[in-house]
Amino acid sequence: MTQQAKKDTTKLAMMVLVLGVFMSALDNGIISAALTTINSSFNVSEVQGSWGITLYTLGMAISTPIIGKLADRYGRKKLFMIEISVFALGSLLVALSPTFTLFLAARFIQALGGGGIFIIASSFVLTVFPKEKQGGLLGMLGAVNGIASVVGPNVGSLVLNMTGKWHWLFLINLPIALIIIVTGLMWIPETKINVMKRTDYWGTVLLSLGILSFMLAITNLQQSDLLGSLLSAKVLGFLILGIVLFVGLFLLEKANESKDVDAILAYHLLTNRNFMLTLLMGVLTGTLIAIFVYIPSYVEHRLGVSANQAGVYMSGIGLASIVGAGSGGRFVDKKGARQTILIASLISFIGFGSLAFFSTSTTSFLITSSVTGLGFGMLMGAPLSVLASEAAGEEKGSALGTLSVSRQVGLTIAPTLYAALIQNGFEPLLPEIKQTVSSDYMTDKLGNLNTSSVESILLGIKDVPNSSEKSQMLDIFYNTAHTAYQHMFLMSTVASALILVFALLLKQKKKTS
């Protein structure tokens, strides 16, 4: 094969990998549009229905580092084909599930397939392409993830409106997966590390169970009683078990250094300062990404935008994060990962700080949220992946998989923390309304409201017939919402500052002349 033909094939392979990343990322966003319909279809509560997302998250977290390691060992093309096939099988089983139990099992299978797609694509970039192109391509993968997150709910709503059945949200993955498999077999070259050592089965078990324990602890946290639930047996017990398992993994991999074993997570990574700092930054970036969940609610509760229109205000932060992911990748190529993280975290710090104090109108919100999206978009794609791969050497898949899990931990724990902050921030609302508005109608109305639901209170206020009283109460509601959501944005401001500090602590590689 000529050099030009090899370049063309590599570009085609990249297109296939990007399509795979888009398909798996789109599925995360697409299901949010159908949660209510799916719950109604199986006649389950919202709490039960949330396990469709929770199990998917657990499956992704468990499979990601393991698939990354297997791809390094047995071949990235081979594992990519397997992952796409398992994802397609899971999608088919989800669509055909006659009961909610089988639906949950199928979602877990789907997650096992989706967990390694992004990691294998990133590892392929870091293995095949020259260093000066890696940042831009990793940024592109991050941008594709961002685009899928933004358009996913819209695609989901469109498919639901066209077909009337949630099953098609998963069936549409099948023809896409078939195209990826056929083109991938033709165009993706095989890359792997030549390993003669034994597989680290015990390390794989300890890592899987450790991740599972931590994720179960996080999912058992209750936003209504965060500190109380933290001390409960099903949270504290899983946390302690997770710590014990990871200590066991650390000791095992230390012992494996002198043995003929291919460690699932090499000891030199566990003791590498830059790698551990990268994982901490991964957790923090996960908490920033979780802000997406609350933007529509903030716009509705603080700025008075209708629930139907609130999603439109995701556009600024969504599009800016896509631009940030792409530009962040190019900046990595020119200035390096550390420099990119310093700039991105500073922009993110300014953005979240501005959201906390200056987003008092829809115009100012669009401006401040766009700055925020630009900052954490730059963090989303290339810089952390490049840092992890530099620390890992040849074991890129394993390192990128572990980084992905750290980001997933932040993404899982943040919504619970944010919800608790918002709920606590709204606690003074009803007492202040009762103190300000003393009509008999309002006393009766407030007495019948579901006071644990902010949405219920807002709808109750909007039903008040007296326009003067309604205006008074809405002003109180919007001002209370400002304080409630301000706590969330301030937490993200602190997270951005910590990322900046951790980036400053990174050891810089000495340049060779």
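Heads up, the Cβ atoms here are built off N, Cα and C, so glycines get one too.
Curation plays no part in TrEMBL annotations; they are all automatic predictions.
Copied over from TrEMBL, here are the features:
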type     : residues : note
TRANSMEM : 12-38    : transmembrane segment
DOMAIN   : 13-511   : domain 'Major facilitator superfamily (MFS) profile'
TRANSMEM : 50-67    : transmembrane segment
TRANSMEM : 79-96    : transmembrane segment
TRANSMEM : 108-129  : transmembrane segment
TRANSMEM : 136-160  : transmembrane segment
TRANSMEM : 166-188  : transmembrane segment
TRANSMEM : 200-219  : transmembrane segment
TRANSMEM : 231-252  : transmembrane segment
TRANSMEM : 273-295  : transmembrane segment
TRANSMEM : 310-329  : transmembrane segment
TRANSMEM : 341-359  : transmembrane segment
TRANSMEM : 484-506  : transmembrane segment
Contact set, same chain, for the transmembrane segment (50-67): CB under 8 Å, 6 or more residues outside the stretch: 28, 31, 35, 38, 79, 83, 103-104, 107-112, 114-116, 119-120, 204, 207-208, 211-212, 215-216, 219, 264-265, 397-398, 401-402, 404-405, 408-409, 412
Within-chain partners of the transmembrane segment (79-96) [C-beta distance under 8 Å, separation at least 6 from its ends]: 17, 20, 23-24, 27, 67, 70-71, 102-103, 105-117, 120-121, 124, 167-168, 170-171, 173-174, 177-178, 180-181, 184-185, 188
Recorded stretch that, among 108-129, 166-188, 231-252, has the most CB pairs under 8 Å to the transmembrane segment (136-160): 108-129
Averaged pLDDT score, the domain 'Major facilitator superfamily (MFS) profile' (13-511): 85
